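**Student:** In case it's useful when we look at the structure, here is the feature table from TrEMBL:
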- 1-32: region 'Disordered' (REGION)
- 8-17: compositional bias 'Basic and acidic residues' (COMPBIAS)
- 18-29: compositional bias 'Low complexity' (COMPBIAS)
- 162-198: region 'Disordered' (REGION)
- 180-192: compositional bias 'Acidic residues' (COMPBIAS)
- 230-270: region 'Disordered' (REGION)
- 230-263: compositional bias 'Basic and acidic residues' (COMPBIAS)
- 291-325: repeat 'WD' (REPEAT)
- 335-376: repeat 'WD' (REPEAT)
- 421-453: repeat 'WD' (REPEAT)
- 553-586: repeat 'WD' (REPEAT)
């Protein structure tokens with residue numbers, strides 16, 4: 001302002017003075033020159049400092065861990081600075097969601113060779129210490145440092161077993177030397193004997209070091225004879241058990257009052273007054289009897305054919321029991337011939353004999369009345385299902401679905417395998433005869449159904465769809481035209497037994513939970529009802545025509561694995577479960 005004042009025109013000043021002096025002019029104005037009261041300061045350095053702070057602000061500020069792009073080169077300290085600020089409202093341990101790549105926090109990938117990792121992992125579990133891969137320098141071990149010192153830091157892969165043995169021997173020798181023990185005489189005697197540690201120590205560089213086998217001398221006559229007898233005995237046992245399952249002595253106990261009554265009739269003879277009243281069946285409502293005797297779960301039940309006055313049960317306690325239904329309701333006989341759980345049972349047509357299949361890989365053919373084992377069959381694999389041919393003239397033919405994907409056919413009279421049906425890709429679960437017993441249908445863990453002509457090992461119909469599940473139980477409708485298959489996706493599917501074996505899409509029974517359990521499916525004798533157990537201990541009844549649930553009964557604690565309708569009584573049903581009980585409903 002001062003400088004501007006100096007440059008003003010003098011004429012303008014003169015003019016102004018003349019104006020002020022004139023009587024008509026306005027009153028004079030005072031012009032105040034503005035001046036700063038603050039002291040004069042050289043601010044060059046200040047401006048430089050501020051500019052430098054602005055430039056370095058981005059370099060000192062910590063990085064936000066959630067940002068994906070960094071527009072400058074951050075320093076090491078910035079990259080590894082702890083996250084500052086208030087606690088994250090939604091993070092339990094202070095880690096922001098963007099930083100978390102594991103449920104326990106942030107896991108950083110490390111490039112470690114698989115061999116190195118395995119070596120340190122196994123070393124830690126054997127010795128208690130391991131190398132620390134994150135340690136940059138110095139004492140880079142974690143774990144039991146005393147054990148590290150004691151073992152000289154070796155890993156499990158550093159030193160082989162025989163080398164460790166040598167080290168122990170050497171240490172032992174050093175200790176003895178320190179004690180000053182007189183061991184020369186001992187060494188002299190032991191060095192000559194290849195079975196001693198001293199000989200091993202001396203000959204440790206020999207290729208046979210580590211083998212404590214003495215020199216083989218000549219066998220005496222007695223030893224030779226014993227060796228021959230032993231080899232012969234082992235050979236005989238090998239031949240005998242080559243195709244056999246686990247052996248066990250067969251026993252049977254009769255629990256009834258007498259095996260024959262006053263008229264000389266056997267205890268398995270059906271009562272004379274039993275006659276069929278099952279032309280119109282009804283759903284049972286109440287529990288009328290409980291059979292308990294198995295110490296573990298019951299895997300299957302079968303009524304005596306045609307009459308149903310006895311019921312046979314297979315237990316996971318390796319026993320098979322037969323119970324009276326009409327009179328006393330007690331156990332009549334126990335059959336003990338399996339060393340493991342019994343998987344399946346099947347009566348012959350007249351009920352005088354029955355088959356059992358156990359997890360001990362044996363199939364046994366029993367006489368129902370006497371409890372004797374008529375014959376035993378085994379292929380060395382577990383049989384999952386056994387069936388006799390239902391034709392009266394083919395009651396000597398046995399079919400068994402095995403765990404090795406085969407269906408094996410035996411002639412009971414000769415004990416010979418007469419046929420093998422080998423097409424399935426998984427263990428065989430069911431065998432069901434159809435079409436006047438000329439064909440049979442099998443299901444398997446390979447989620448398929450296969451239809452075979454009896455006696456011919458060629459599949460005539462193969463049913464496998466992408467949506468199909470395994471079917472561990474199949475039952476034939478009383479009219480012979482339909483098959484009910486328990487599918488493991490919690491439904492019962494119906495297939496026709498005619499030429500094409502088509503799925504009946506209009507009939508489907510659902511509502512029960514059977515996934516993971518081989519719950520048996522069955523029909524009422526008049527074909528009006530379908531029934532099945534389920535995984536929650538209930539027994540379900542559906543109407544055949546409408547496919548609607550008719551009734552559910554809570555039968556067992558745990559799985560209700562089997563349900564059978566009485567062949568003569570119109571409203572009597574037996575169920576079995578993994579709680580070891582068999583229940584009779586009316």
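Positions of Cβ are set from backbone N, Cα and C atoms, glycine also.
Can you tell me where each of these features sits in this structure?
**Tutor:** Over the repeat 'WD' (291-325) the predicted model carries a mean pLDDT of 91.
Within its own chain, the repeat 'WD' (421-453) has Cβ neighbours under 8 Å at 382, 384-385, 387, 389-391, 394, 399, 401-409, 459-464, 468-476, 480, 483, 485, 495, 497, 501, 518, counting only residues six or more beyond its boundaries.
Counted with DSSP, the repeat 'WD' (553-586) comes out as 0 helix, 18 strand, 16 coil.
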**Student:** Can you tell me which parts of the same chain pack against the repeat 'WD' (553-586), counting only residues 6+ beyond its ends and a CB-CB cutoff under 8 A?
**Tutor:** 274-292, 294-303, 305-308, 311, 313, 315-317, 323, 325, 517-520, 522-526, 531-539, 541
**Student:** How about long-range neighbours of the repeat 'WD' (335-376): same chain, 6 or more residues beyond its ends, C-beta under 8 Å?
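**Tutor:** Non-local partners: 244-254, 259, 266-268, 296, 299-300, 302, 304-307, 310, 312-322, 382-388, 390, 392, 395, 398, 400, 412, 415.
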**Student:** Do any residues of this chain, six or more beyond the ends of the repeat 'WD' (291-325), have a C-beta under 8 angstroms from a C-beta of it, and if so which?
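**Tutor:** Non-local partners: 256, 268, 270-271, 274, 331-351, 354, 356, 358, 360, 366, 368, 520, 558-559, 561-562, 564, 566-569, 574-584.
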**Student:** Tally the residues of the repeat 'WD' (421-453) by DSSP class, grouping H, G and I as helix, E and B as strand, and everything else as coil.
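**Tutor:** The repeat 'WD' (421-453) comes out at 0 helix, 19 strand, 14 coil.
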